[in-house]
């Protein structure tokens, strides 16, 4: 057995390295014609540091900070002020093994793509598990909805990586749509239907109609470049709380879920951190297997442990919530999912349209738009790309609007947004390749058609995903804080804007959540249902609240040298599509489509 495992590991690592692709040659500037090409070492990304002193030698595109000798704490204490140095400000995140336009070997791409697929299953299964029973659906209906969610997620991800921002982002389900969807489900006209399956289909068609109408917001804002005009009011300071809160604001899906099943959640958290961080330098055949595949290895081991606990009857008399988060068979997807089924548009029947339902859904679309904007900024940073200019950001939002339209046509229960956990995985693996995410989209489509095989992976307990969220959401939150390096944090104005935005971005949504939990209803409960959905959805999103507060304060508080303190001199290069040569390399459309969609 040991010899077989050794040969298996040797085969995987040799498969990974059998096609040595160039790494990150796109991450800097192109070589001029006729010049001697620069030799790029393996695993090296061309990173351009930002220098304010204008030193020509140091601002070369191939400048790398010289290695520094380790200094003891005693020597640090005796340093003179002029001897203290600060790490250079970097346009692109250093230390990435592959950036957005460079690719591992095909074997490595396939394995990493499968890892992204496994990670996106948490949201793809949890949202239907929450909503389908409320709609009157049974286990078979839930299995079909999960298949549909995976299928549409794969299509939306391919559209976004090919024709949207072109960043390595997975476009998955969004919890922002839960409040308006529950409002539609609770409509008195639907609750009067006695037959559960009929009520499920009628509710699904009402949700589809609201999604189709509300998708026009993102399509219009995106492809009309109106959202690009709004993006011109952004600054590095204003992006700090928004990007930070899109990760840190999801704390309720982390340790609180682990606490409901500590016996598998805590080992998963410890194992994932140990493999991805403490053992990441351990190599097998010159390959960092633990760092690259920490998700696959930790999930496989703890999933097997959870299966043993389930089969042995450890959760037989546990509460329902504990069984939902701990058991490997509680999702009941393997026995109810069809072997082969291809999701198709209008599979639940023709959508029904209601102005009241559509207005409530529009609030979730706005929240999804803001959260995706923040996640795009984080993905660009973790993929070692330059910040996406407003034109590219608007193009991505328009493409996401098309994805939301597909959600409504196919019937996925909820809308879509950028998957924050998959963005965090870019930093954990140090692989920001676009091709990897595109291959993960192919896995989603493949396993959504082969229902029983996809249901096998969907039986992973949600607590395992929550353990990984504690790390991956933290990655994204830290990326938001990293934008502070471009600002002057010795400015009291900046401290005020940042502090108030972060505090209210956490405090207000937490109040809405605690009020709902305590009183079993949302804080806004007027007779106008669409108004209730608007207020409760917008102010339950930490990133949206942080966005509103930071944009208002950052653009209305004017002080001397305010633009410089906000980081606008650095940000100005990335406000136009051709303001930086690297922007064209990262965000150009394929198949010469730029002729039909010229940059504004």
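Every residue number used here counts from 1 along the chain in the order it is shown.
Using the three backbone atoms N, Cα and C, a Cβ is placed for every residue, glycine included.
Per TrEMBL, the features are:
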SIGNAL    1-20  signal peptide
TRANSMEM  110-132  transmembrane segment
TRANSMEM  144-163  transmembrane segment
TRANSMEM  169-190  transmembrane segment
TRANSMEM  202-221  transmembrane segment
TRANSMEM  233-250  transmembrane segment
TRANSMEM  257-275  transmembrane segment
TRANSMEM  295-315  transmembrane segment
TRANSMEM  436-458  transmembrane segment
TRANSMEM  464-483  transmembrane segment
TRANSMEM  495-514  transmembrane segment
TRANSMEM  534-553  transmembrane segment
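At the 8 Å Cβ cutoff, the transmembrane segment (495-514) and the transmembrane segment (464-483) share fewer than 3 close pairs (sequence separation 6 or more) and do not count as touching. With pairs at least 6 apart in sequence, the transmembrane segment (464-483) and the transmembrane segment (144-163) have fewer than 3 Cβ pairs within the 8 Å limit; the two do not touch. Across 202-221, 295-315, 464-483, the stretch most heavily in contact with the transmembrane segment (233-250), judged by Cβ pairs under 8 Å, is 464-483. Long-range contacts of the transmembrane segment (295-315) within the same chain, counting only residues at least 6 positions beyond its ends with a Cβ under 8 Å from a Cβ of the stretch, are 111, 114-115, 118-119, 263-264, 267-268, 271-272, 275, 289, 322-323, 326-329, 425, 428, 460-461, 464, 468. The transmembrane segment (202-221) is not in contact with the transmembrane segment (464-483), judged by fewer than 3 CB-CB distances under 8 Å for residue pairs 6 or more apart in sequence.
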